[in-house]
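Participant: Starting off with a structure, shown below.
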Amino acid sequence: MSQGNSVRTLSGLQRLLEGGLIICCVLAAYILLALTSFSPSDPGWSQSHFQGDIKNWTGAVGAWIADILLYFFGVTAYIMPIIVASTGWLLFKRAHDLLEIDYFSVALRIIGFLLLILGFSALASMNANNIYEFSAGGVAGDVIGQAMLPYFNKLGTTLLLLCFLGSGFTLLTGISWLTVVEKIGFVSIWSFKQLKRLPQALKREHETEDTRGFMSVVDKFKERRDSQHVLDKAKARQPAETPSRVLHTRAIPEESHEEFITEASSGKGKLSSLVKILSFNSNKAKDEPKSQQRVEPQLDQASAVAEYGHFEAPPWVAKSHDAELDDVDTGLNAEFFEDDDGDEPVFHRETMIDEDDDTLSFNDDDVIDFDTKVSAGAVTQAQRQKQTPKAKIVDGIVVLPGQEDKPVPTKPMDPLPSVSLLDVPDRKKNPISPEELEQVARLVEAKLADFNIVATVVGVYPGPVITRFELELAPGIKASKISNLANDLARSLLAERVRVVEVIPGKSYVGLELPNKFRETVYMRDVLDCEAFSQSKSNLTMVLGQDISGEPVVVDLGKMPHLLVAGTTGSGKSVGVNVMITSLLYKSGPEDVRFIMIDPKMLELSVYEGIPHLLCEVVTDMKEAANALRWCVGEMERRYKLMSMMGVRNIKGYNAKIAEAKVNGEVIYDPMWKSSDSMEPEAPALDKLPSIVVVVDEFADMMMIVGKKVEELIARIAQKARAAGIHLILATQRPSVDVITGLIKANIPTRMAFQVSSRIDSRTILDQQGAETLLGMGDMLYLPPGTAVPNRVHGAFIDDHEVHRVVADWCARGKPQYIDEILNGVSEGEQVLLPGETAESDEEYDPLYDEAVAFVTETRRGSISSVQRKFKIGYNRAARIIEQMEMQGVVSAQGHNGNREVLAPPAPKHY
């Protein structure tokens, strides 16, 4: 069957829900018809006799239902159809929430519903007339009203019942009465304003209709003739050596006038309407011969600064400023023209064109006669200037009235960003109860017994994402037996994944970690508010998330001192890196911590561009990344020499010595300064050294492009940079042995593994299994330095817009001071080279290089073995000669089969 003829069928749950919706809607309509067509003579629950035909439209069953509802609830029974239909609709639309029922909220809604129904019934019973032969409030209303009247009288009972209604509404809907009052006030004020503007709008519309046909062909011809006459007169009077400023006024067609009035009266497009009134164009004067022109006298030097060019405005906008706001209500609020006090315009400039300026002197001939009725509001140019809001020039740019300048972000007063920049989390507590945990514990014991494993659950620790069950095994049962059954246990327990913790430090139990049915999100704001982060004195304090029991996990990068992060795509690795960087921004300023960020993907770390913590721009070119790592090696060596001369062991001791000298009023000069290195007559004073954090988002891409030299640079930094205050955070989504090599792992003991695809990847990053059983979305295994047992941590979540807020807050505090040598490289004499590495300029060609080139070009064979046999040299020497030929373009690079093509022609033979 073709795909076009196939019909998508519903699943079992969808069929049930859609069928339930249809049943509820039909039942609601049935009850409504039964109540509407109720007759007291029909058979019912409240009467036993029956004579004649049934008048109810829904038959005897409908008559019975209507009789019961009216008997018990009175007029409140007419609400029942709405309740039935709403229940069916909610169950149909929110079926995915059925499994996440908050029983406490459901109980509150039921209580609110009962308060509403019973309170309304009691009020109807006390104040409304009977309906048919039943009480207006039914039996329920009569019982409640008669029980309360002897104690509270009618007024007190009414107040209490109104209290029931208000409380029931809040409990049922969750809507605050303060919000209701606020919305009612807003609607009332808006309605009052609309009613106040209605007479003016009707008056304006009436005037527009009366004058719409006033413009005739003769008037248009007269207007065009007068405009040309004025233009000729102005040209004759204009001095040749000093061009005067021409102010252009362009006639707007009636369609534009009507469109503007329609749009303005509707209150929309305030800024666009204002631009229609005041639009500047300095390039259309020569292209519009039909436009009206008025030559103004030459301004003096002070007023000539405000050169406006050509001013275009509809000639029908001609009333005064007050008249425009009152009579021609264009929908523009006064805030576009005046400030909050309403006394002066928002925009000010001394060079603004003003009709009251003493430098402007008009002759009688300078005023254009606008006697022709271009439109209903056509008046003279001088009157139009009086009512038009003035424009200004800021830095050579014309700013229209109503176009407010973008607010310049003010520098925050606090030394560090506020936690209020992060969103307030919408916390949803885990609805699992102790009884359910007990049932799961018994189920775990039963499933283990199915595999002949006798174990007892001695502890249950529920967390935001997983729950750990601690098992006490029977004598003689190995923990590895449970580990081998992890997949079978996950299948039998209907769990996504099961992780077995064979060793729990300090306990003799085995841990079994099961994912929760409802997963909670760990928000960064919750973790930043903890005391462990706020009270930490280290400038390199970072937050990771929460552990399996919900406690925040706070670490110190200075004690790690380097971190290796790995995880597959979508496991939460990039979010984890952002959380660590943001927590450092919340803890330290640029005087304490500086960053070098390397982002081969050009997406993850570019958001931090512009923060004052950066030592250079975010590196996206991998050649510049190699230079940045070389600079770090050079800076590390410089700091080591400086600390050695200062007699301190690490950067902490160095900064303490500098701070102590400043407190005592002493100055410590740079002991490494040489007069030949600077133009200054004396050595500069030493200052505090910040810690440097190098963040590499995708380490595998950098190694693929730059090569193995990156591995050597990173290994050298990782070996020695701790005391110098330089720390590495390396992240990769390909945790293979060719990326995370043994040299890197040996020098970076701190690891962080997110979800990986196989056990091999887990062993590569952690040297043990476990990362393949993680749940993703920030679920990680954190291996602290000096330990062999990883801790399971649920990573904190921070959204992109929250990161943008923190970055904008730091950008408002200052600009970064970049060091150009980081990306461009250092001078040749100061180039940092690894052991055994030589600079390109220092490379010497082999003495046999010329002979080898002649041999290769003549024989057209560019293999290492041929050069080795010809000149009887070792393999390494022959390989270096071939590599030099490749660099010089003599031979090509190796192909897929290992062969090289000889590119250079043979040397010419001399006879």
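Glycine is no exception: its Cβ is also placed from the backbone N, Cα and C atoms.
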Participant: Look up transmembrane segment in Swiss-Prot and report which of 131-151, 446-466, 614-634, 698-718 it refers to.
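Facilitator: Based on what Swiss-Prot states, transmembrane segment spans 131-151.
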Participant: Only counting partners 6 or more residues apart, tell me which same-chain residues put their Cβ under 8 Å from the Cβ of Ser574 (ATP binding site).
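Facilitator: In sequence order, Glu604, Asp697, Ala731 meet the Cβ cut-off.
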Participant: Only counting partners 6 or more residues apart, tell me which same-chain residues put their Cβ under 8 Å from the Cβ of Lys573 (ATP binding site).
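Facilitator: Spatial neighbours, sequence-distant, of Lys573 (ATP binding site): Val565, Ala566, Gly567, Ala731, Gln733, Phe754.
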Participant: Excluding Gly570, Ser571, Gly572, Lys573, Ser574, Val575 themselves, which residues in that chain have a Cβ inside 8 Å of the centre of the Cβ atoms defining the ATP site?
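Facilitator: Here the nearby residues are Gly567, Thr569, Gly576, Phe754, Gly776, Met777, Gly778.
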Participant: Where's the emptiest Cβ shell within 10 Å among the binding-site residues Gly570, Gly572?
Facilitator: Gly570
Participant: As a test of reading the model: what is the averaged pLDDT for the topological domain 'Cytoplasmic' (182-911)?
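Facilitator: In the predicted model, the topological domain 'Cytoplasmic' (182-911) has a mean pLDDT of 75.
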Participant: Where does Ser571 (ATP binding site) sit in the DSSP three-state scheme?
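Facilitator: In three-state terms, Ser571 (ATP binding site) counts as coil.
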